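*Asks:* This structure is in structure tokens; I'll ask about it shortly.
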């Protein structure tokens, strides 16, 4: 028991929760945006991989860290555009398109990475985002280092939750986005082009996914290597269901998830005799459990996965 | 710009779609090769030479196509019934692991070879089935979308394999490498060509393609699965037992993916590692789509992917272009195929 207490009362553990949650927050918000406008984006796993690679490559070739994040966002948006054209404009299967984009974006990332670094036994590292202690606030005991001694992208992620919630629920644009996810015909009748809105929103959501991926290379691992995203994208898709498509709950879900992840990482080092793979399975098992718990309560956007074609019902 | 649905989609267009899709993917990949600084024609020449140019290369291509045919079929049967089985990768691994575990039973090593082989194949297929019945059960019972659950199960399955081959099933004679105990000699699939890796699994895969075609085109089950995919409500109204049909589809799909894993471990490697599959499960999705979900078409699509993978390996060694170009081309061909299929169904008018 005292062991558990030691883990739970350590500042390092709670600091890690926010750090682990950051890419999930970006990714979950990205998926949430896409699904709110009525499009399932299974491209996330690949888009995160691409964001991770592009962010790393930008910084590796001399760019500034923020330029790296920007490049990742732009790269994500480009794949979002591809996804949007295929699913919103042409009305193709969202499942297959998303998987196709994941396969393409990740293999393309590996290809570019291998071109940039043809032979290297260990992946080259970059100078990552350093923790930025917020003046005064970071000196609060316990809470200070946990909440206010994070890297800049983490603050950005937290801020984004508020911005996104405001845009979705308090602006005409947000209303149009939510309405397109429920009933694109009604949106069209209002004189808004649901297809354009869908493409634009998917691009914005995919940009967030790209940034989430870049966080992995620019603030967590400091380097890029194939298969580094490790299903985080799929976990984000599950988290959106857990969050009932609401930004605030998405933050909660990401934090809860990151808590278990940080906890299992620490438990691994102190518990003997249990195969480490069981701990590593935990995040995926938890995601499935979250889906089961929430499936009954889920109020899915009504037009999710339904292509809109003018003149067709 | 508007899209008009074609009244009568032409058969010619349907047949041309995959060819056009592959061609478009090859052109884009060619651009990447050119950007990477190599001669595109030389690169494609080397890919073809690597895949067909020698007895060894040709046998490797067929060896590589074998699991791809099976995972392609697994995706094709599932997608046709709108069962989104994205978990073939995990099903492949548990299939392989189950065979190795079954081989550890002392009595198995004493069985006559044909019986041992048939039993092992069956065990692998059943393991794959079980792994897919899990997400299907969650969908039928709780309404949980099977896409994400079957995807997440891939990671769990590979971790489980890793746990077993470092633990209870670890080969004590492997100098500490994490690999499973080998399958018994009587369960090893016979070779088709001497001094190559090509094994009888290819014949099994081809037979499965024909069997799946027959099931889908000539049986009540095939008709029901198709109806369930086209319109579940209409199918239910017409008296199709949806739940039971989906369970049967899942058994077939998961079974095929598990079989792929079993065959790979019994024919090629002899033991299980966590790099047994260079994402055969995910490639199966591309192959199924390229084949437009047609079981016989899956054979051709699997061959195309195998040619790319095997050829790109040797091309990469010669020109220094990363062999990931094969993955890029195959993934691209999925996207171009989607567009090509769209063009067979719609015409663009102003």
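Cβ coordinates come from backbone N, Cα and C, glycine included.
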*Asks:* Pick from B:61-79, B:175-193: which range has transmembrane segment per TrEMBL?
*Replies:* B:61-79
*Asks:* By a Cβ-Cβ criterion of under 8 Å, what residues six or more beyond either terminus of the transmembrane segment (B:91-109) are in contact with it?
*Replies:* 67, 71, 74, 85, 116, 119-121, 123-128, 130-132, 157-158, 160-161, 164-165, 169, 180-187, 254, 257-262, 264-266, 271-272, 274, 276-277, 280-281
*Asks:* Is the transmembrane segment (B:61-79) in contact with the transmembrane segment (B:198-215), using at least 3 Cβ pairs under 8 Å (sequence separation of 6 or more) as the test?
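*Replies:* As far as Cβ distances go (cut-off 8 Å, pairs 6 or more apart), the transmembrane segment (B:198-215) and the transmembrane segment (B:61-79) touch.
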*Asks:* Compare B:12-41, B:115-135, B:147-165, B:236-260 by their Cβ pairs under 8 Å to the transmembrane segment (B:324-344) and return the stretch that comes out on top.
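*Replies:* Per the Cβ under 8 Å count, B:12-41.
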*Asks:* Going through B:12-41, B:147-165, B:236-260 one by one, which has the most CB pairs that fall under 8 Å from the transmembrane segment (B:115-135)?
*Replies:* B:236-260
